[in-house]
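A.B. asks: First the structure, which I've put down as structure tokens, then a few questions once you've had a look.
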Amino acid sequence: MKGLGLSTRTFNWSSLSSILLPRIPLATTKADSLILAVRHDKQVFSEDYRQVVDQYFETSPKKNDIRLFWNTQGFVRLAIVQLEENVSEKSVRSAAAEAAKILKSNGAKSIAVDGMGFPKDAALGAALATYDFSLRRDHLSVYQDEKVVEKENLFTSPAPERLTFQLLSNTSEKKTATAEENAFKVGLIEAAAQNLARSLMECPANYMTSLQFCHFAQELFQNSSKVKVFVHDEKWIDEQKMNGLLTVNAGSDIPPRFLEVQYIGKEKSKDDGWLGLVGKGVTFDSGGISIKPSQNMKEMRADMGGAAVMLSSIYALEQLSIPVNAVFVTPLTENLPSGSAAKPGDVIFMRNGLSVEIDNTDAEGRLILADAVHYVSSQYKTKAVIEASTLTGAMLVALGNVFTGAFVQGEELWKNLETASHDAGDLFWRMPFHEAYLKQLTSSSNADLCNVSRAGGGCCTAAAFIKCFLAQKDLSFAHLDIAGVMDKQLNSWDCDGMSGRPVRTIIEVARKY
């Protein structure tokens, strides 16, 4: 039996989980600050603020200009932002984001947000743009109820949200006001889910191991009647013949885990199927024996980004009570070099019986995902399986940091993904699933498949490899390579660090099932 690893001997997990556990940042008391939007033609969503709006236009603002007013209209800080001529979901997200960042930098603790006609997007922009994560001592002090943090324990008290939001209602009509409040709260929940994915990806790898990721999942849903969490150990993994996961884990002192999370959002019937969600869970990827360059290797703490995205999506489904039955699985391990690590040239037999030659140990994600995809597509009656992974550097080369690369089998699933990504304000680009890429992986004389190809198109051959392990070959399936969008900032509501994309697209897809 493997050891538990240095981190579990020196670190009190429950301390950090108090910071990681999401909280819906909905303010319950009057806000100290306000975001107020005006149109280019000087129209304002609420005439109650006409006087300060007139002062704003006296400064001859340009489009998207933000002015900060102090101690006016009952608020300590009031930020006025001018919207674009054509108001849209995206422009509202952007306006709320920019204004919220200014208010936060000027000491705001609670912000009332003008709904601007799109209250959900106003909430998203404000809550996403003001996210941050740090384990610096001076940063951690803001989490505490007391002003002084004890030397012995940086996490002496539960971490409250440092910034909360409430909707500035612009209507006296009760039904409309309720609908706007509900939409605003949905935006905050979706933002909290994406921010959760960000935090899990940001968490240092000595804290976010396979064991601790599972511990966190159990904590996250411990009070939920709709979610069941199953943590499978090394013995179970061996019984399941998940040799891809066991082989990648061979170089690590921390044992692997296979996490299975069921969300029951509606009553089951004979005709209903599961929405299968699979996420890559490599908690740190050094490349193994085929070791990566040391520059920027620390970013590989986020190689479990697929697992973080899918777990956070399940959290959102549960919070929003979306009527769908979804199952999320992730194989969790580190990929490290050691005397017992897998070597180039090794041959293993996968869960579905196919033999695979390991030509490059840094192409480990597809090995563990192959077993996971086969498990979920064989053990569950799935109507579709969506897998997300920070899989290939080739994806960054192909699409940069703008689009998630989507390899999709099934036109209906692609249509749903494309529509969902548009609704979420995310960007997807369809990539080719073609048998020609698979042929490039069958050149080994020792095994059915090789885990890499020498012919280029690395993101395409990786997708073709994973597809081989579907239990039903015609099953609707999407492989989302999120390596390019893992930590790149694209919009004004993004911030430094990991992106948490594409959590909100997964939520939108689930709504359509």
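For all residues, glycine too, the Cβ spot is worked out from N, Cα and C.
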A.B. asks: Swiss-Prot has D362, E364 down as binding Zn(2+) 1; which of D285, D423, D426, D448 does it also list for that site?
C.D. replies: D285
A.B. asks: Going by the Zn(2+) 2 site in Swiss-Prot, where K280, D285, E364 are listed, which of the candidates D272, D303, D346 is also part of it?
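C.D. replies: Of the residues offered, the record points to D303.
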A.B. asks: Among the recorded positions K292, D362, R366, whose Cα is within 10 A of the Cα of D285 (Zn(2+) 2 binding site)?
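C.D. replies: Cα filter at 10 Å returns K292, D362.
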A.B. asks: So which of the recorded positions is most packed in, judged by how many other Cβ atoms lie within 10 Å of its Cβ, out of K280, K292, R366?
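C.D. replies: Output for this query is K280.
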A.B. asks: Taking every protein chain in this structure into account, which of the binding-site residues D285, D303, D362, E364 has the most other Cβ atoms within 10 Å of its Cβ?
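C.D. replies: Buried the deepest by this measure is E364.
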A.B. asks: For K292 (active site), which DSSP three-state class applies?
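C.D. replies: SS state of K292 (active site) = coil.
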A.B. asks: In DSSP terms, helix, strand or coil for R366 (active site)?
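C.D. replies: DSSP assigns R366 (active site) to helix.
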